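As recorded in TrEMBL:
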- 12-30: transmembrane segment (TRANSMEM)
- 36-57: transmembrane segment (TRANSMEM)
- 69-88: transmembrane segment (TRANSMEM)
- 94-114: transmembrane segment (TRANSMEM)
- 126-147: transmembrane segment (TRANSMEM)
- 199-217: transmembrane segment (TRANSMEM)
Amino acid sequence: MKKILDLYIDSSLHVALSAAVLCYVTGWYFDITPPLYLTLCLFCGSVVGYNFIKYAPLADNFILVKGRYLRGMQLFSAFNFIVAAYLLTYFSLNALLCIVVIGGLVFFYVFPLQRLRGNLRNIRGLKVYVVAVVWALATVILPAMEAGLRVDYQLMTEAFRRALFILAITIPFEIRDLELDQPSLYTLPQQFGVRGARLIGYVSLLVFWVLGIWNSPNDNGEVWIKEGVLVIASLLLLGNAGRNQPGYYSSLVVESLPLFWLVLLKVF
């Protein structure tokens with residue numbers, strides 16, 4: 001069972017599921033139904049993107065990997081890339097432009113930029129903000145554009161809220177990796193310590209909740225209660241995130257918060 005779970009996480013299936021789920025969260029708020037090709041493309045694209053981020057630096061020239069396990073991951077990623085590329089033929093031009101921006105950010109997150117003498121990930125203090133922006137673009141702006149919605153103040157506020165949520169739930173991962181990350185990355189725990197990073201996460205979650213009450217696109221009086229439950233769960237997980245976390249604390253439990261969010265909206 002452990003091997004299956006490890007494979008599920010290592011292949012980025014869980015994080016891809018979370019990305020696809022957040023697309024449906026956006027659909028709930030704006031009363032749209034994201035088409036299957038969009039969520040499937042986002043799922044496959046997330047597998048490709050996260051596996052590229054994790055495994056490309058281990059390969060010669062970012063392509064040639066060594067070992068059966070890594071080659072298997074590469075083949076699995078290639079399959080997902082082919083599926084995602086085919087599904088791109090269904091998208092509108094505006095959505096494709098958004099995808100180009102997302103893909104560019106993911107690519108240069110790993111691939112060095114000559115002028116910067118490094119990649120976006122290694123630019124001092126930038127890592128978590130790039131992640132938050134990419135998730136906001138992919139799970140809010142992209143489905144809205146494909147549905148033909150205007151990119152207005154309300155939509156941008158929701159994208160900002162999504163970025164705050166992603167920033168907050170990324171902090172447990174940065175705390176977990178504190179001993180592994182190079183000091184030059186200047187992650188939030190490296191800058192402000194574990195307590196300071198948690199405090200930034202707490203504030204981000206509270207701002208996320210307050211903005212939701214003030215600017216809810218869906219006129220539903222119960223949404224602030226559901227989001228309050230989500231925020232409390234996120235605060236608890238963030239508060240208990242330490243350097244010595246249980247094996248699946250961040251990669252499985254924290255990463256499941258988007259699924260919990262959708263369940264709160266759809267079921268309760």
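Here, residue 1 is simply the first one shown, and the rest follow in order.
Glycine residues also receive a Cβ, built from the backbone N, Cα and C atoms like all the rest.
Listed as Cβ neighbours of the transmembrane segment (126-147) (distance under 8 Å, sequence separation of 6 or more from its ends, same chain) are residues 19, 22-23, 25-27, 30, 32, 34-35, 38, 42, 45-46, 91-92, 94-95, 98-99, 101-102, 105-106, 109, 120, 155, 158-160, 162-164, 166-167, 170-171, 174, 185, 187-188. Beyond the ends of the transmembrane segment (69-88), by six or more residues, the same chain brings 10-11, 37-38, 40-41, 44-45, 47-48, 51-52, 55, 58-59, 96, 99 to within a C-beta distance below 8 angstroms of the stretch.
Panel annotation: around the transmembrane segment (12-30), residues 38-40, 42-44, 46-47, 50-51, 54, 135, 138-140, 142-144, 147, 149, 155, 158, 162, 216-218, 251-252, 255-259, 261-262, 265-266 of the same chain, lying at least six beyond its termini, place a Cβ under 8 Å from a Cβ of the stretch.
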